[in-house]
Amino acid sequence: MGKNVVVLGTQWGDEGKGKIVDLLTQDAQVVVRYQGGHNAGHTLKINGVKTVLRLIPSGMLRPNVTCYIANGVVLSPQALLSEIKELEGNGVNVRERLRISLACPLILPYHIALDKARETHMGKSAIGTTGRGIGPAYEDKVARRALRVGDLFHRDRFANKLTELLDYHNFVLTQYFKQPAVDLESLLDESLQWAEELRPMVCDVSACLHEHRKQGENILFEGAQGVYLDIDHGTYPYVTSSNTCVGSVINGAGFGPRYIDYVLGITKAYTTRVGGGPFPTELLDDVGKRIAERGQEFGAVTGRPRRCGWFDAVLLKRSIELNSISGLCVTKLDVLDGLEVLRIAVAYKDRDGNILSRPPLAADDFDDLLPVYEELPGWQESTADVTVMSDLPANARAYLKRIEEILGIPIDLLSTGPERDSTITLRGPFL
């Protein structure tokens, strides 16, 4: 009997999901992306070679794994084909093992133009999007006007829908944002090439997944971004445009909730965030700079520097509740090597001195909150590339044990470096 495992980020993304998904695919036959778009970069480092995947599931680097892009993903044909060719240039056989949902909404050039125009227009109030058209594409989906992958294979239907849709979006671009219009004819010509290249890879992903399930194969669902970027449960409005919580597997891949066996939450041993929005434990001092430098905290897709701070157990507790997380994987423990003191936020305090054990639901409500910290001693020894728990420094083990105690959940995996083998496995999700 196969097992179905979900891997998702418990913070603001960039937790190291790509490496862990790649590691776990040694026990999986299928890997599925079920939400987000090419705004998420999953970084893998195998035998010293770094690979950044944006749309294609991280299981693609395992030759016997079938990968799916499900209907919850907004798909840029241009970005996908570019990524396929990049991997093929490195000797990876992509097209025979990648399948794409006919129901994926398309990201087209006008979505990107709208995204960039809006961010420029908002100035200092900008959300800090990646400018890749993700939000506008999801807007079209919710407004029931999106073009989907399946439309590409019906030329007249696609042209009629695109003409009407482009008329609307070009009006907004030119009249409101004062930006150039997107050309219809060139987009139609480009779409012909997309259709030809994508046709062999499309399918009904939900139906395929249930066939894999019935055959007893292990399926791994790979989340993008993190819980606090969720459009409903994140630090709204500083969020992404999709649901990043575990429930997105159900809608975004057409996979029933009772079939999910295990949810693995990925968290860094500290906290990071990209772009604007609240960040209670953010460090603006030399410690924050040191963590950023040691952790090489720059966005895999955008290259933007990440904000760094202490581990926030208040946020993690809510992540665990929202996603019924079975166990945690703590990443980048080695980044904390050499620090004299470590801090864990165990609560927040408002301006009146009231102690809050849960994060607020709106971004503005974080403004007057300060973290309440618990201090623990650091360690001077290196934890890099350690693969046995007992070989970790005593204070590192104590730090991890305290996280388990505060959160009430086990740490099942521990990452001590970017390579596949730099991992401590305490309990495997597929066991």
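Residue numbers in this text run from 1 along the chain shown.
The backbone N, Cα and C atoms fix where each Cβ goes, glycine too.
Going by Swiss-Prot, these are the annotated features:
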type     : residues                                                                                       : note
BINDING  : 13-19, 41-43, ARG306, 332-334, 415-417                                                         : GTP binding site
BINDING  : ASP14, GLY41                                                                                   : Mg(2+) binding site
BINDING  : ASP14, GLU15, GLY16, LYS17, ASN39, ALA40, GLY41, HIS42, THR130, ARG144, GLN225, THR240, ARG304 : IMP binding site
ACT_SITE : ASP14                                                                                          : active site, proton acceptor
ACT_SITE : HIS42                                                                                          : active site, proton donor
BINDING  : ALA300, VAL301, THR302, GLY303, ARG304, PRO305, ARG306                                         : substrate binding site
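Structure coloured by features recorded in Swiss-Prot.
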residue: GLY13; record: GTP binding site; contacts (Cβ under 8 Å, 6+ apart): ALA40, ALA224, GLN225, GLY226, LEU229, ARG273, VAL274
residue: GLY16; record: GTP binding site; contacts (Cβ under 8 Å, 6+ apart): ILE266, LYS268, CYS329, THR331, LYS332, SER415
residue: GLY303; record: substrate binding site; contacts (Cβ under 8 Å, 6+ apart): none
residue: ARG304; record: IMP binding site; contacts (Cβ under 8 Å, 6+ apart): VAL274, GLY275, PHE298
Round to a whole number and give the Cα-to-Cα distance in Å for the pair THR130 (IMP binding site) and ARG306 (substrate binding site). 13
Going by Cα-Cα distance, which of the binding-site residues (ASP14, PRO305, ARG306) sits nearest to LEU333 (GTP binding site)? ASP14
Of all the binding-site residues here, THR43, THR130, THR416, which one's CB has the most other CB atoms within 10 A? THR416
In the structure shown, which of the binding-site residues ASP14, PRO305 has the fewest Cβ neighbours within 10 Å? PRO305
Consider the binding-site residues ASP14, LYS19, GLY41, THR43, THR416 and say which one has the Cα lying nearest the Cα of PRO305 (substrate binding site). ASP14
Between ASN39 (IMP binding site) and ASP14 (Mg(2+) binding site), what is the CA-CA distance rounded to a whole number of Å? 11
Validating a neighbour-count step here. Other CB atoms within 10 A of the CB of ASN39 (IMP binding site): how many? 29
Quick note, THR416 (GTP binding site) and ASP14 (Mg(2+) binding site): C-alpha atoms separated, nearest Å, by 15
Assigned element (helix, strand, coil) containing ASP14 (Mg(2+) binding site), judged by DSSP: coil
For the binding-site residues listed here, LYS19, GLY41, which shows the highest count of neighbouring CB atoms within 10 A? LYS19
Tell me the Cα distance separating ARG306 (substrate binding site) from GLY41 (Mg(2+) binding site), rounded to the nearest angstrom. 14
Rounded to a whole number, how many Å is the Cα of ARG306 (substrate binding site) away from the Cα of ASP14 (Mg(2+) binding site)? 9
Of GLN225, ARG306, LEU333, the binding-site residues given in the record, which has the fewest other CB atoms within 10 A of its CB? ARG306
